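Q: Pasting the feature list from TrEMBL:
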REGION    1-60  region 'Disordered'
COMPBIAS  27-42  compositional bias 'Low complexity'
COMPBIAS  43-58  compositional bias 'Gly residues'
DOMAIN    142-230  domain 'PPIase FKBP-type'
DOMAIN    254-380  domain 'PPIase FKBP-type'
DOMAIN    404-491  domain 'PPIase FKBP-type'
DOMAIN    515-603  domain 'PPIase FKBP-type'
DOMAIN    614-649  domain 'EF-hand'
DOMAIN    659-694  domain 'EF-hand'
Amino acid sequence: MMGPPWSRQPPAKLRAGSQGRAGQGAAGPPSARGQAGLLPSSGGRGGGRQRGAGGGCCPGRAGRPFHVCKRRRTPRPTRAAFLAAPMAFRARGWRPPPPPLLLLLLWVTGQGAPVAGLGSDAELQIERRFVPDECPRTVRSGDFVRYHYVGTFPDGQKFDSSYDRDSTFNVFVGKGQLIAGMDQALVGMCVNERRFVKIPPRLAYGSEGVSGVIPPNSVLHFDVLLMDIWNSEDQVQIHTYFKPPSCPRTIQVSDFVRYHYNGTFLDGTLFDSSHNRMKTYDTYVGIGWLIPGMDKGLLGMCVGEKRIITIPPFLAYGEDGDGHVAEGYHAGQCRYRPRSFPSLREFRWTVLLWIVCCLMRKDIPGQASLVFDVALLDLHNPKDSISIENKVVPKSCERISQSGDFLRYHYNGTLLDGTLFDSSYSRNRTFDTYIGQGYVIPGMDEGLLGVCIGEKRRIVVPPHLGYGEEGRGNIPGSAVLVFDIHVIDFHNPSDSISITSHYKPPDCSVLSKKGDYLKYHYNASLLDGTLLDSTWNLGKTYNIVLGSGQVVLGMDMGLREMCVGEKRTVIIPPHLGYGEAGVDGEVPGSAVLVFDIELLELVAGLPEGYMFIWNGEVSPNLFEEIDKDGNGEVLLEEFSEYIHAQVASGKGKLAPGFDAELIVKNMFTNQDRNGDGKVIAEEFKLKDQEAKHDEL
């Protein structure tokens, strides 16, 4: 992933009191009094005055321009040495506009009146051309500053400019690294303040000047824009501008975090942003993966908190700055480290992000203070387990879920910052799964154990028990997941039906059995109380023959051995109900069903395997009685008329709950053994196994 500028090991810290790398390792401007050169505000590499063997002020080192030393005269620098410009890095700073545009700019921003004696010397003239509305700190002696400047003579002729070198000038103030006038003029400036400074010769290069560049006794004009300021005693500054009402946990050392940030310099210039990449930055805190200042600045943050972290350069990238971005990107050159892609779409998306990086990223110059506006989205520790918060627990909880159970539950899935990534409610269907068997992520497998039907709980799953570093779909890698679940029902494949009798009449001797014809009322609901159906609402009973397959198997079992007037509750697991498919639009798949039943009527059925029986003795001349016309053949019409007459007279009985005509037709078909549509005496037979109750 594309990372922020602090994602690599920073250079060694700048030691307190060090002169730093003031001139970016090149010749300094004419106002310098350091060995880095003589350009107008250079502090030089190493800064300060260097002492030779004699202990006095000495010339610059071999290969570097000379500086002016009051206590002993040194050779004047050549014009070539004077004009050597630092080109150590490319800073994308402001460049001075052409004269007409410059005049317009000064008119828009406003020209402050010249202020003589604003510095410590009365001859020094300082004009504050622009002062920002906010000025949290000003330059003091001993501070390190980064600024742009344009140096001109009173007639407007330019003799030097930091803009021409594409780099700010970096130097300590008040330590003799600058000409006296510039040392004084910088004191009291704010970041983004612009000053016009007139320096008399005695506070500049005096009667000697600089050969070929600055004539003797020259008044020097400097247009200065301050970009950065820090002190070797500075620490990380933290300003929290939003903190959520609830903060159950804060960042500790070794935690893993996901956050968004905007990275700017002190002057407000954006150098990097995770928002531009549309992806958080993910890292461990406090183990050296970040620059020291960011490691410190992130500690103590809450998820949802927003803070501004200001880091001095010796806790950031120090003297060398940075032009690299971790995870395959280089800020200056936008180099990409190739890797494999599962799809062409991902490859194209990565290339697009790479292009955005190239357009938006800026190198970090040496000695730059950094300001990060950070919003923390996620936080966990590799040692974390899941956390469970019970929201609603039913008063009655006869059973809790165990490994191997099958659950139906609703859920909302969010990230720690509240971003919704999935919801069963939006699909209007529960999520159904076995638990404890690896069908869901490990965190949910664990979090769903021990729940009651109807319970609501929050399960927080760290990424190593969720979707890990890769993530899935719209779930980012290394994301902590929050599931708010509502358990609708659960069962185990080994479950049978559950019967609870609420009322039995005093006389409960006749019990229902297979083949009986029953009339009953019921309310059908889910385990969470959702009503599915009710015969009371319809105003009519439900009528079945027990054991005939007219109801689901669990209901058939639940109606047995019940007497008229009895009331009971039957709980039916889905494998004895409507199974995984359910009934479209009526019963959800894999649903446990609850039936509240009242038996109103029971008609005793026939013995198993019989559809008609005789209530008395069977006539020995039965065939002749049925064959009324005496032609030796019985047709369906004759057979049906005779059977119905026997039932009407009470001599015979058809199986209750079935279509009488269909039963009679089946009986006739059984007797018509050759299938010619008529029964003759040779075909007509009774069952021998019944002594008293023979079936045709």
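Here the Cβ of each residue, glycine as well, is placed from N, Cα and C on the backbone.
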Q: Where DSSP helix means H, G or I and strand means E or B, what are the helix, strand and coil counts for the domain 'PPIase FKBP-type' (404-491)?
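A: DSSP classes over the domain 'PPIase FKBP-type' (404-491) add up to 13 helix, 38 strand, 37 coil.
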Q: So how many of the residues in the domain 'PPIase FKBP-type' (515-603) end up helix, strand or coil by DSSP?
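A: Reading the DSSP string over the domain 'PPIase FKBP-type' (515-603) gives 13 helix, 37 strand, 39 coil.
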Q: For the domain 'EF-hand' (614-649), DSSP counts of helix, strand and coil?
A: 19 helix, 3 strand, 14 coil
Q: Within the domain 'EF-hand' (614-649), what mean pLDDT does the predicted structure show?
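A: In the predicted model, the domain 'EF-hand' (614-649) has a mean pLDDT of 85.
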